[in-house]
Amino acid sequence: MSNLIYLLLRRLRSPLITLILVYAISMTGYVMIPGEDGNHDPYQMSFFDAFYFVSFMGTTIGFGEIPYEFTQEQRYWTLVCLYATVISWLYGVGSLLNVFQDPAFRQQIKINSFKRSVSRIRQPFYLICGYGETGRMLVNDLAEDGILSVILDPEEGPINELEVNDLAISPLWLKADASDAQILEIAGINHRCCSGIISLANNDRVNLTIAIVAQLLNKNVRLIARADSQESESNILSFGANEVINPFETFASRLALAIHSPALHLIYEWTTGSRDKRVDEIYTPKNGKWIICGFGDFGRAAYRYLDEIGETLCVIEPDRNRRDLPSGTVIGRPTEAATLKKAGIDEAVGIIAGTGNDPDNLSVLMTAFEINQNIFRIAHQNEEKNQPIFEAANLDLVMRRGNLISDKIFALIRTPLLGDFLRIVSRFKKARANILASRMIGVMGNDFPELWELTVDKKTTPALFSRLEQSQVLVKDLLRHPDDRDQSIQAIMLFLKRGDGNVMLPEDNRIVHKGDRFLMCGNRQAHHNIQITTRNDQYLQYVLTGKLLPDSWVWKKIIAYKEQLEARKS
């Protein structure tokens, strides 16, 4: 508020000075000019009478000669003062209207309003820095999941879209530079309900700056950032980011996994992919020769990962001066059939169109398909507006940065343990990955699995937490069905984090401890069932012992009477 008042007074300094001077001179004139009372005796107007008269004269809200009729000299002076005060008021009001239309003043008003709104937040929220394609998808997913977003973006266009979006939970937003430390503080980086910062700017340097500022302001806050290059990814990680998502590296690694270890690839897709997919929609590329068109960030990542698993590769690059071109690179335009044939399109099993131009990428794949109709076609979609064209092209796989980043971030937000789980899973051999994939398929069928975390604490699992003070509970007990304990719910425990220790696929006979965090996988009904079991004393008693606890006074009396009878008989 102090900034707003300072800005207002600074812009109105000249009009206020003018108005004060006009009033002062007018009042002084009335006090000095001699007048007459009702008896024509000499009379000098007081400063109060002069101020009173000038006040209603200057604002033109009325007119009357007070306290007595004016002399001719006073009326001459009144004419001068009348025009002077009216003009000064017009000058002041006009300046005030200009201030209200000034972009800096309007921005300060928005900042103050935004600051008040953030200070009133009483629920967990995520601070989203950047509202482009990725940010829009992520905010929509968070709103559907009941999570509040606070958004910062330096551009007017994306921010204006928020005013017309009909989301389940309306986010707070501000047009501002998220790399400004003061703006981050206003947006709630130190707010007790801030669950984390997600930096999604299109510029890696901006994301790096946000990471540095966030680390300095609140090193305990969770930070997830985007990076389009390996160098930026390493830099951001060095400044304390919990997760850095490089869309090119992520996509290329998934592609290599799909070829080299299909089961491991499926696990990644199931845990971080779009929830709108079905299992049978996941792609299955083949081993063999691959052609990579374009050797930018995406092309380099694809070449490196495919080369590591021993695929035969050929790069097509129109710019012969591009650095680090691999041996055997074909220099030429990949949109031309002659260039593709020179690269060996006839015997290739797959082609990746990874240039920075969407029409060129589509042209490459359409030309390749005319020559080799069995080829696996992958495209990099650069702009969101071109999605209908890519869908109409019926390609095998389209790399959309926005979808890939938002899906993975959303998965990490909903299940924070997922990052640790995937880092361990990435080291699995094929045999172990196959076993894990088979177990996941067993509980989810043909639909994408529901992932959730189960934390053993007083707030999240009150019944289980209090039960652990009395007796032991095993992992297999939690997987019993609350309506029929002889049946198991459709869920498995993927991962257990206990203190600093990690346990993959905790065994059924493992004892549950307070503070345990489980990453679970199953269907939606299983998620609901385990919530019932861990939150309700009756259901927990039933799955552990097969007996139901009485929940009413009458039922308690009946159970107590039966127990007394059984005790007498024994």
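Glycine is no exception: its Cβ is also placed from the backbone N, Cα and C atoms.
Per TrEMBL, the features are:
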TRANSMEM  12-33  transmembrane segment
TRANSMEM  45-64  transmembrane segment
TRANSMEM  76-100  transmembrane segment
DOMAIN    123-246  domain 'RCK N-terminal'
Tertiary contacts of the transmembrane segment (12-33), as residues 6+ beyond its ends and Cβ separation under 8 Å: 44-47, 49-51, 53-54, 58, 71, 73-74, 77, 80-81, 84-85, 88-89, 91-92, 95-96, 99
Within-chain partners of the transmembrane segment (76-100) [C-beta distance under 8 Å, separation at least 6 from its ends]: 7-8, 11-12, 14-16, 18-19, 22-23, 25-26, 29-30, 33, 54, 57-60, 70, 106
Positions on the same chain near the transmembrane segment (45-64), where near means CB under 8 A and six or more residues out: 22-23, 26-28, 30-31, 33, 35, 78, 81-82, 85-86, 88-89
Structural state census, the domain 'RCK N-terminal' (123-246) (DSSP three-state): 47 helix, 28 strand, 49 coil
